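Student: Provided herewith is a single structure, encoded as structure tokens, for subsequent inquiry.
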Ligand SMILES: CC(=O)N[C@H]1[C@@H](OP(=O)(O)OP(=O)(O)OC[C@H]2O[C@@H](n3ccc(=O)[nH]c3=O)[C@H](O)[C@@H]2O)O[C@H](CO)[C@H](O)[C@@H]1O
Ligand SMILES: [Mn+2]
């Protein structure tokens, strides 16, 4: 369907019945075919009966519309706040109603977030009322302290701008943490961890540090937690559209034209991270993921325990914590999935469907920067 045909159609409601029925209170409704209204909030009593009439499946862009609506609905529920009805012209929303080149919803009905599938202003509006405290946990052990400056400086330009953010830097070289100017409401907190002889131990230890931190103090300091790689630079907005109970990011190397049996999951049954062939939804990166603190706690604790069990059994998962993370997400599905816009790499060209690179990983000399060389 082209744009002309679309605008001649009368306004159409997107079907949300499968998604909304479990809930009995207010929800978002979108009149995406309507030229003048992007979205508004209404009460179910008024609208539920209108709802199932014209299902999104009858449209070529059904998947992306479902993605928009579900994303907004999840954000609305999560924000746990009263918000006033919002009505904005489509032209002002940054929504691309023709974003049909990519999947914008997973097969378990979670939003899959791409540029064009969310309205930054509307999302910020919802979350500003909630005013969440965002924690970012990064490790900078050994020579990786060199990446802190670029990470923080670019984060200040693009990461949850206008929100409360604390960067927790776990390092063995406190004196190498640079002083960066931060906007009001934003902080850096530096914590000691031991040095390591193997990079594998460092990446696995992310789960342990996150677990003990949340247990002891982090659960009191923040509402949401993101785990990130320090060798990363922000280039564009990374904001409240990424918030959910549990949010995963598609690994850039495996998000298209890759059979699930080619995903680099752990394939040895002896490992706790084992995923059999024939199973799996996506391959997720361990370099960015996040979620609500309670859910993150369950996740990192699980992954830490599984890694400890592996060590006892004399095995280490193929991609360390990333393997355990992928196993967890297979059985506890993320409530939001972010496109590889949220973690690209300077190693790779940017394809057409990646309209915006939000974070890119730096090119680095693995042998030089890691304590025991590598890749
Ligand atoms: C894009 C992506 O999917 N990245 C993952 C990938 O490799 P990467 O090649 O991106 O891993 P990496 O070398 O960046 O290590 C991951 C992170 O651990 C920290 N670090 C690591 C070593 C060290 O000596 N000191 C230190 O501080 C640092 O924050 C670093 O960014 O595989 C790793 C382990 O299998 C992790 O799962 C990464 O998240
Ligand atoms: Mn990295």
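Cβ from N, Cα, C; glycine included.
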Student: Which one, 144, 328, 331, is listed by TrEMBL in the same UDP-N-acetyl-alpha-D-galactosamine site as 229, 230, 231?
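Tutor: The one candidate that TrEMBL places in that UDP-N-acetyl-alpha-D-galactosamine site: 144.
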Student: Please determine which of the recorded positions listed here (144, 229, 322) has the lowest count of neighbouring CB atoms within 10 Å.
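Tutor: Across 144, 229, 322, these recorded positions, the one with fewest Cβ atoms within 10 Å is 229.
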Student: Provide, as an integer number of angstrom, the distance between the C-alpha atoms of residue 230 (UDP-N-acetyl-alpha-D-galactosamine binding site) and residue 322 (active site, nucleophile).
Tutor: 15
Student: List the other residues in this chain whose Cβ sits within 8 Å of the Cβ centroid of the UDP-N-acetyl-alpha-D-galactosamine site residues 144, 229, 230, 231, in sequence order.
Tutor: 138, 139, 140, 147, 151, 232
Student: Out of the recorded positions I have (144, 229, 230, 231, 322), which ones have their Cβ sitting under 6 Å from ligand 2?
Tutor: 229, 231
Student: Based on the record's binding annotation for UDP-N-acetyl-alpha-D-galactosamine (144, 229, 230, 231), what whole-number value in Å is the widest Cα to Cα distance?
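Tutor: Spelled out: the longest distance between any two Cα atoms in 144, 229, 230, 231 is 10 Å.
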Student: When you rank 144, 229, 231 by Cα distance to residue 322 (active site, nucleophile), which of the binding-site residues ends up on top as the closest?
Tutor: 229
Student: Starting from the Cβ of residue 231 (UDP-N-acetyl-alpha-D-galactosamine binding site), draw a 10 Å sphere and report how many other Cβ atoms land inside it.
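Tutor: Step by step: centre on the Cβ of residue 231 (UDP-N-acetyl-alpha-D-galactosamine binding site), count other Cβ atoms within 10 Å, giving 21.
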